[in-house]
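Each remark here refers to the structure printed beneath this line.
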Amino acid sequence: MLLAIDVGNTNTTLGVYEGAVLRKHWRVETSHTRTYDEYGILLRQLFASAGLEPARVSSVVIASVVPPLAFTLEQMCVRYFDRKPMFVGPGMKTGMPILYENPREVGADRVVNAVAAFERWRCALVVVDFGTATTFDVISAKGEYLGGAICPGIGISMDALARSASKLPRVEFAKPPSVVGKNTVASIQAGLVYGYVGMVDGICAQIAAELATPPKVVATGGLAPLIAGVSRSITEVDEHLTLEGLRILHERNR
């Protein structure tokens, strides 16, 4: 079995693959203070709850945008799975030309998403990932990574609004009954949901105008289904795109 780990600034997503089949997946908080023992015990508990045997893990692959956690995660893998993990980074065989001024600047998660999306759809693409930051990654019809855009994430915007506007409460990120809110909570939700939908559709329209081929727009991340349900540009949602990309990259670099 393959253990795939996607470490984001806010959440860490884990998946267990048997061949090309995702057997189980979890989302946990990314913690800078957990020790490798605490991470190891947490994973063993998750495996036990799913009826999975840690001893059956033959490989581990990790994409992380939190460099300080690299040593902790490596030690966790070695001590609790007896496996040295493969980290996504410069020098890895991606099968995708990275046409960025400095390819080393491209986050591991963005490369992983791009590889997974092109492997599945084989066409010009925009991958929108709703994480701590909302990222747009553009892939050409030839399978080249062209670049993209980075925006503040939905959670960051919600936190900033609640922190900076003392009379505005923190609200659940949910689609309101109408874009015209009839109370404070609904008004904030309307601004967040339709504001982000407008941003996504606007940026994707600008990207399409610059490309020779109209791109398919794919969304991933925990909030992708909600935004996709309102967006005019998003045509596909794959919440496990990053995990699938990790599986593909592991296969290409074994």
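Cβ atoms here come from the backbone N, Cα and C positions, even for glycine.
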*Per Swiss-Prot, member of Thr72, Thr94, Thr132, Thr134 binding ATP alongside Asp6, Val7, Gly8, Asn9, Thr10, Asn11, Thr12, Thr13*: Thr132
*Between Asp129 (K(+) binding site) and Thr12 (ATP binding site), the C-alpha gap once rounded to whole angstrom*: 14
_If I restrict to non-local contacts, at least six residues apart, and a C-beta distance under 8 angstroms, what lies near Ala108 (substrate binding site) in its own chain?_
Ala63, Ser64, Val65, Phe87, Val88, Gly89
*Measure from the CA atom of Thr132 (ATP binding site) to the CA atom of Tyr100 (substrate binding site) and give the result in Å, rounded to a whole number.*
22
